[in-house]
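Participant: Okay, so TrEMBL annotates it like this:
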DOMAIN    295-358  domain 'CBS'
DOMAIN    359-415  domain 'CBS'
TRANSMEM  444-462  transmembrane segment
TRANSMEM  469-488  transmembrane segment
TRANSMEM  508-530  transmembrane segment
TRANSMEM  551-576  transmembrane segment
TRANSMEM  588-608  transmembrane segment
Amino acid sequence: MNYLSEMLKLPVLDVDGEKLGVVNDFGIATGEVFPHVTSLAFRGPGKTPFMISWRKWVDRIDETGVHLKTSATEIRFSYLQPTELLLARDVLNKQIVDTQGMKVVRVNDIKFSMSGENQLRLLGAEVGARGLLRAISPTLEHVVEGFMKHLGKPLSEDIIAWSYMDLLDRSTKNIQLSVSHKTLGELHPADIADIIEQLDPRLRAQVFAQLDTAQAAEAISEFDDDELMTEMLEGLSDTDASSMLAMMDPDDAADLIDELDYEKAEKLLRLMGVKEEKAIRNLLGYEDNTAGRIMTSEFVSLPATATVGDAIEAIRKLDEDFESVYYVYTEDPSGMLTGVLSLRTLIVADRDATLGQLAYRDLVYVSPDEDQEDVTDEMTKYDLVAIPVCDENRHILGIVTFDDAMDVIAEEHQEDLQIAGVGSGDSASDDSTNVLSWFVHRQYWVVVWGIASCIMATALGTALGSAHLVVFPMCAMPLVLLAASRMVSFVKNYFLEYDGHDDEPKPYLGFFFQSTGMGLILSLVTYLCAQLVRTAAFPDATMFEEQLFTGCFNIAAIICLVGNMSAVIYLMVLFWRDEHDLNTSGTAMNVIAVMISCVAYCIAAVLLTMSVMG
């Protein structure tokens, strides 16, 4: 009798053995490291709820039930105290946040320890499979435990000690696991974002509301899902949302505001301070996926005549929420960017030296209309932590920092994977544990072939009068399907490797000749192989069989050629969708190409059969 699931519905008996009801819940005081059970909740006749003090009225608990010290007539009922919570109602089957493993887990059972006959102490929450099996049926738990033991993989407990758990919110009674008694707000913003993303949608807003404005501003910037960012923002009041946006880095705030409808965005901007509103509006004036859109307006620039001491003093006076300082930029009297100094240069230099004397003048900078991928390429090429963004007069407008560059790289990488038909979760380990998913995504042409073959066999079986003749159209079909799939792969690879600029004409004509040449080679090989197979395998074939066999492979060769000639259309679609910032699934393109080729082949094969028979 060490688990809550085993104790629920035990009978509650008075000192005379009279049944008063069945156990419904246990109350604990949350202040202790391993808290004692302080209250017993049970249901009496007619499912009437009662609660009594554990210390005053409970004598012992065992397999037969909870035994009280006195008779039913002498018991005085109590109420749940503000410092107490009910385990079955508030903890069992609820999500808890593991701040050490940075994941969300579910409480499947609760473990107790017995101290004497009437002292019940809470140890922790069972979050593993064993607790779930026990909650369903203790018999099922024992069966599975024995089976796993025979396999050499014993079913172990997965207990999280109560000392590592804190309440997130008294009103919702959601629980947060807290190693070293951390609170959620003490975690890194990226970890907070990961945790909130894993939570049940109904709990996300409640957990997000527990953060103060500064924590919320940092955490929401780390969300990967734009829709989730918008959802969290819309769950706040306009005043709180505006305050949070004002504390965010301007580029992150601009991205978030851009996801809102116009009226909501304008309202939040007007509620901000003038400085923050101006910075965000300036960024919103640039096109998406450009340097101007991802730059931050928070940077340090000083006249070239300023001293090192002036620069250090200027850095000291920056607000606490100012984005990290990587470089100090120098300007001439007209405001033109003239040089840059690293923090290391400032620290080791004489305080009276002027910045102009120390500044590095061979500057690398980008324009605000520069594509964000080109910006990251420049930063990678020159090993820059930040790169200035300047107008046509070389006046610095902002800087793109390495964290924003990393976001761009991750975003572009994900888009490339999607176009290539690879999901973000694909990995070698995933393939080894999820063969079905791998097969569906990579070898779906086999399914298409099987279904199409069944349809063709049904349609042509009676007409041909011989079952073995149906095999001829089926043999040529895989060539068509595989050729279509490889054609799309060729298009995707060409698109991903293309490094031309947006203002350059796309090489559609050259690509057309290249893909058509590949199609001609493939078609010729298909035709020659068909002739060799016909001669070697069917020396005694009838005229009808020869015409049907060679005709099916000739159709396959023609469709392969036409498919490769149409590859330029798929490339044009990819470029068009990329220019309009639309995501494209490589898997979807593959499926479309395979289905088109399959339908074309089936129709042509049926027409060929009818023609030969006629």
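The backbone N, Cα and C atoms fix where each Cβ goes, glycine too.
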Participant: Have the transmembrane segment (444-462) and the transmembrane segment (588-608) got at least three CB pairs under 8 Å, pairs 6 or more apart in sequence?
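Facilitator: Yes; at least 3 Cβ pairs under 8 Å.
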Participant: Give me the stretch from 469-488, 508-530, 588-608 with the greatest number of Cβ pairs under 8 Å to the transmembrane segment (551-576).
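Facilitator: So the stretch in question is 508-530.
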Participant: Per DSSP, what is the residue count of the domain 'CBS' (359-415) in each of helix, strand and coil?
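Facilitator: Helix, strand, coil within the domain 'CBS' (359-415): 25 helix, 15 strand, 17 coil.
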Participant: What mean pLDDT does the predicted model reach across the domain 'CBS' (295-358)?
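Facilitator: Across the domain 'CBS' (295-358), the average pLDDT comes out at 91.
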Participant: How many helix, strand and coil residues does the domain 'CBS' (295-358) contain under DSSP?
Facilitator: 19 helix, 19 strand, 26 coil
